[in-house]
Amino acid sequence: MEWMQRYLATALCVALLLATHSHAAGKRRKDRQTGSSPSWWGGSGGSLLGEATGSDFYTSTHGLVQTHPTRGRLPSFGGEKTLDFGNRAQQVLAQNAHLSTPEQCARACREGEPPRICYFHFTLELYNVLGAACQVCTPNATNTVWSHCQCVLADGVERGILSANRMLPGPSIQVCENDKVVIDVENAMEGMEVTIHWHGLWQRGTQYSDGVPYVTQCPIQQGNTFRYQWIAANAGTHFWHAHTGLQKMDGLYGSIVVRQAPSRDPNSNLYDYDLTTHVMLLSDWMHEDAIERFPGRLAVNPGQDPENVLINGKGQFQDPITGFVTNTPLEVFTMTPGRRYRFRMINSFASVCPAQLTIQGHPLTVIASDGEPVQPVVVNTIISFSGERYDFVINADQAPGAYWIQVRGLGECGTKRAQQLAVLRYARGPYEPSSPRPLYDVGLPQGVVLNPLDAICNRQRTDAICINQLKNAQHVDDGILQERPDVKIFLPFRFLFYRPEELFTPHTYNRYLVAPNGDHVISLVDEISFVFPPSPPLSQIDDIPPEQFCNGDNRPPDCGANCMCTHKVDIPLNAVVEVVLVDEVQQPNLSHPFHLHGYAFKVIGMGRSPDQNVKKINLKHALDLDRRGLLHREFNLPPSKDTIAVPNNGYVVFRFRADNPGYWLFHCHFLFHIVIGMNTIMHVGTHADLPPVPPNFPTCGDFLPPITGPH
Ligand SMILES: NCCC(=O)NCCc1ccc(O)c(O)c1
């Protein structure tokens, strides 16, 4: 209680209403819940939430930037031209007059307007939730774009985190198509190396900025700053996140929105507004560092499932033992009656849990997935996996009021019943919905579901739409749809289970993950467990011994069941590639989302074996189905994606034209599966096809000089 008292003694009046919940020294305490009415999100004074946020702007489909009539003022940033991205950022901006600030770049996009160079500075730090910053200020209500306040509330449970610019999520990058984006990533995290990946950006010509450690760059060392530079060449909803270790799950992520002129978006006629604040970033949240769960414990909080879900870094937490609920603010999205709004949902989960999004009383017209436009479909619930993005339109045509947004963690998240709520509200209406809060077990009605987990995808149905049933809203390269691809790659993946006596033998140190049921596993793709090389092939190919690399046709001699090497598949430049992913994991509630760097691919088919006698799919059976023409394929406007969940006990078929040379990581997007080897590298083209290594590009590698004699 001492902490609470100290907090109350010095806090601002708003903080008085903040009940916090801390796990100190491993024991749970029931904290006093303060305040009677939750006026944090009752909006007393009106300066925190909803209408009165200073950072909204409205982009009409006619390309106009306008302030809302009731708002009557332009975005305000405390009277300063640049936002608080740190003193170094101010210096760079002062010395480079041709750079634009983040808020100058977050604009409506018009065809024919010159692109900008958008400059960002990320300071990555060890930080905390509910630190003393919360005595100094109250956090920006819509933390999605920028914040001057350094208070991170998360779900009201105190813990250490990793943060970019003391924000959760980190800063949002919002630019127009073809802008150049420059991000100085300053690693101020003691004892940690880091890289940032720009998930969804293709990095054509800037392969060195893809942010994959030991593949496209050496990780950024502590105290060092690495300048990422890329062109926002493909519009859409994307995100950035740490690609090193387990850091992403501790808070290193944020949204990226690449807008385009309405004339270039085939679905722009379906919405009136595309607000900077209508980004919906979903993340799973633990109450301890993610590394606490790796390799994983047997008894106390086993497995890797999160305690909670956050929506734009916000939420509340109900203690399962005491029933105590924190009263931190929920995220609020505001709409004007009668208007149609584009929402941009990002699944930034790190665990294996799918996220199920439902919004009370409002159907969702899905218009894009992973940034790529699809022909609109109307659903009521979207199930998404780590790494996926879905854009949808909501028509504010219901009775003005407030409505619940429910995000439920499915699969393993069902054990702890992790879910989060947010509010969809009509301007000038109440902040709190009048209906009771949807519960994990008694949630909002699902209605029509996008991306059903049952993966019955080979026929039209009234209750669900599968990803392979979406139609591309744009013309698809005919070459991709030719009957025979140039290269066909079958990639089965599974876990390898170790017996403890195999794993814990003297003088061997094999990596492993302890699954929730106590199984000790590593991941295999095509019977290979991926290890990162000691230097990045993109920048230091000559420093890597050729024996480091392997693939299904080139297994190292004496490579046993736990074959460890850098799995690399070589693909000729411009080939039409077909990949068939086959789920040999066979864990009933687990579907693995695979993400391809450098591309969007076309989803040609997905499903399960049509053969009723086959209980479990495997590579042999998938090959057999393919030979018999029974792998489901649809060539009429297949949708583009960069992340696709393989139905459990099922398969996915996708294609792409390999016209972007590089070393592109292809991997399960579950964080804990990356670190046990569920990756491959798609190596497209040759070194001659790649841009040269930039001067002074950092290097890394083993240091093993000859050992000289005693004298
Ligand atoms: N009879 C098969 C049981 C089985 O497949 N056990 C592993 C499940 C697992 C592995 C890794 C994870 O990350 C995870 O969440 C769950």
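Along the chain as shown, the residues are counted starting at 1.
Cβ from N, Cα, C; glycine included.
If you look up TrEMBL, you'll see 1-24 marked as signal peptide.
What TrEMBL records for 24-43 is region 'Disordered'.
Helix, strand and coil counts under DSSP for the domain 'Plastocyanin-like' (151-261) come to 7 helix, 50 strand, 54 coil. The domain 'Plastocyanin-like' annotation in TrEMBL covers 151-261 (among others).
Sequence annotations record features per position, and here TrEMBL assigns domain 'Plastocyanin-like' to 278-427 (among others). Per-residue confidence over the domain 'Plastocyanin-like' (278-427) averages 97 (mean pLDDT, predicted model).
Here TrEMBL flags 549-684 (among others) as domain 'Plastocyanin-like'.
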Seminar exercise, completed: DSSP assigns the residues of the domain 'Plastocyanin-like' (549-684) as 13 helix, 60 strand, 63 coil
